[in-house]
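Database features (TrEMBL):
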TRANSMEM  A:12-29  transmembrane segment
TRANSMEM  A:36-54  transmembrane segment
TRANSMEM  A:60-82  transmembrane segment
TRANSMEM  A:94-115  transmembrane segment
TRANSMEM  A:135-160  transmembrane segment
TRANSMEM  A:189-211  transmembrane segment
TRANSMEM  A:217-235  transmembrane segment
TRANSMEM  A:242-260  transmembrane segment
TRANSMEM  A:266-289  transmembrane segment
Amino acid sequence: MQQFLDTTLGGLVLGAVYAAFALALCLIWRSTRIVNFAQAAMAMVTTYIALSLINVDVPYWVAFLAAIAAGFVLGAVIERVIIRPVEGKAELNAVILTLGLFMVLHGLTALVFGVQHRGFPAPVSTNAMTVGDTSIGITPFGILTIVVVAVVMAGLVVLFRFTDLGLRMRASAFNGEVSRLLGVRVGRMLTLGWALAAAVGAVAGMLIAGGDLVNPAFMDPFVIYGFIAAVLGGLDSPIGSVIGGLILGLSLSYVTGYVGEHLAPLVALGILMLVLLVRPSGLFAAAAARRV
Amino acid sequence: MRNTARRAVQVVCVLTTASLLAACGAGKERPSEDGTAVGVTDTTIKIGAHFPLTGPAAPGYSEIPSGHQALYEYVNDNGGVHGREIEMVVKDDAYNPTNTSAVTNDMILQDEIFAMVAGLGTPTHRAVVQRLNDDGIPDLFVSSGSLQWGDDPATSPMTFGWQPDYEIEGKIIGQYVKENMPDAKVGLFLQDDDFGEDGEKGARQFLDSQIVDVQKYTPGGSTDFSPQMSSFKSKGVDLVLGFNTPSYTALSQIAAQGVGFKSKWFYSNVGADPALVGGLLASMTKGKIPAEQGVKLMDGMMTTEYIPGVDAPDDEWVKLWQKVWDEYSKKGSEKLTNYRIYGMSQAYTFVQALQANGKDLTRESIVETIEKEGASFEGPGLAPFRFSEDSHMGISGASVVELKNGAAEPLTPVLVTDIGDAPIEEDDSAASDAPPASGLPE
């Protein structure tokens, strides 16, 4: 029972982290209709920026905000400089470009910061909390992670569903030509989409790194799992991304704790295949467009 | 148009095949100069090795070749071995077996090395061991404790291990736990490859009934070990035996704290370097604990030791390494570490083998020399080598130690054994070997 509880709590935290990452993917998909493979590498860069600040005694939360700001700028710059030239061409071009970007950022980070593992502090304790005499498998930092992800998710839902800006972003992604005719500054919306996505990615990076070790490859497992979580929930839906992340986190945690770590990737891919077979557009996607 | 394309493809195929054939041939037929081997002249010996100089396995391990190079320079400045200077080529494989094959190919075909010395890693070296043996290239003192380098000389006649293999380390740890902690509920934390497998095999000889849980991890996979630690916690584990690399020691400690799992820890020698792991643990405390004091976070952990390390500055061998390092380290600011000592100790064994071989050096003769005389080499190892015609296994034992303030306090004398059912015996004889006054093998 104790193990079940601990594994479940651990799975929820892990799931929240996948969810944070899936949210960033979902955001970029909603606002630009491409899948960004460089998402993890971008988050890794912003996390390293935060770590450098922390190492020169900048308070944690200032570094946290700096990472978000850095993510925002990085996302905007990448959209303007690298993605913009291939916009309007086949979508695959942009996707392949993000793969290349992934490698470049990896290499650059290794050059600048080195490849060794480094400890990344957390703002609150990463020791298990205790109830009475028994310790339970969740840490204050784990709870913080869940709260932050919930806030980010709520923020995105509000942005897309209830604000004029969100509507314009969705419209630009959905049909740039028509939006332009209606007076939406499509280019700006795309830049903003990338910037916001990278900022959310930066939050995910900080949550993953806190109380853990980082090296230039530390986000790599999250590329795969974040995608699975996003596709699971339907790339279109922020709530779906979060639920997809939680399902994935819990499943992986149970499999690792009760069966064996080596089966975890297999299970993740199994879930992905199942979802794609049964509901190709994801669990929480809006009804597919009607064919006329 | 289509015909032209097809013609082009044919031409490319023929050219590729031809160049491949040429490349294959190049490794084998190499006229020896003046009765000596490839890579050897009257004044030089060229050797090579693959190491992870970049990537997640690089911390620590990338320091080993600098130890080798410092010792070789020291030897070269003192006249070399039988008049020959040793030159070492080091190539980065980033701990990726595909790269290992490629860089080994380069070393064989372009650099024309005489021997591979100290190539690092179980999965990586496994990718090239057959190639080296097929080509008759000596493959000496692999930097890995897998059994496969030494337990079957008939299949890999050119390959030799160096450090104690993980099975005898598992046996020594297992026996110590059985005798001193007979009531401990043991959990195994294993790297999911030969490393974990061999260690488990050794430990189970003594602890089969005490082991209540086994958890594994895949290197390069998930780094969150909370589920594994939760499992230990729920099964009442109070002693964890870890056969894992250093970063994973830190990660398992972090995860254990995260799920509130308290236990005694016993890490294999590979994963227990206090400076490296302590530094990692300290860096997560947001500057509350300075890196130098991180080693204190490892107080009470147990591990094994088979060569003296930086924590014993008064040891004669460590004094020698310090002297060599101070004089020959390329970047003067870098400190002597246990990984550099490991490299120098290995290099010392290689120099010893060259010395024992005499002036007439061939690829066959060096293998024969190590088989015949290797078991009597006196070096920094706390236990003797097991080299013979039937075994190419390295150092035969280790002592169990407890970490305190970054230093290893011995809990047992040196325990010597071999793979399989061989008994474990106390044998301090090799531990008292002191280096020759010159610091050069005689």
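Here, residue 1 is simply the first one shown, and the rest follow in order.
Yeah, the Cβs are placed from backbone N, Cα and C, and that goes for glycine too.
Because TrEMBL annotations are produced automatically, they should be read as predictions rather than curated entries.
Most Cβ pairs under 8 Å with the transmembrane segment (A:135-160) belong to A:12-29, among the candidate stretches A:12-29, A:36-54, A:60-82, A:94-115. When each of A:12-29, A:36-54, A:94-115, A:189-211 is checked for Cβ pairs under 8 Å to the transmembrane segment (A:217-235), A:12-29 comes out on top. When Cβ distances are compared across the two stretches, the transmembrane segment (A:242-260) makes no contact with the transmembrane segment (A:60-82), since fewer than 3 pairs at least 6 residues apart fall below 8 angstroms. For the transmembrane segment (A:60-82), the partner stretch with the highest count of Cβ pairs under 8 angstroms, out of A:12-29, A:36-54, A:94-115, is A:36-54. Across A:36-54, A:94-115, A:189-211, stretch A:189-211 shows the highest tally of CB pairs under 8 A with the transmembrane segment (A:12-29). Distant neighbours of the transmembrane segment (A:36-54): 21, 24-25, 28, 60, 62-64, 66-68, 70-71, 74-75, 78, 95, 98-99, 101-103, 105-106, 108-109, 112-113, 118, 120-121, 194, 197-198, 201-202, 204-206, 208-209, 214, 216, 218-220, 222-223, 226; these residues of the same chain sit at least 6 beyond its ends, with a Cβ under 8 Å from one of its Cβ atoms.
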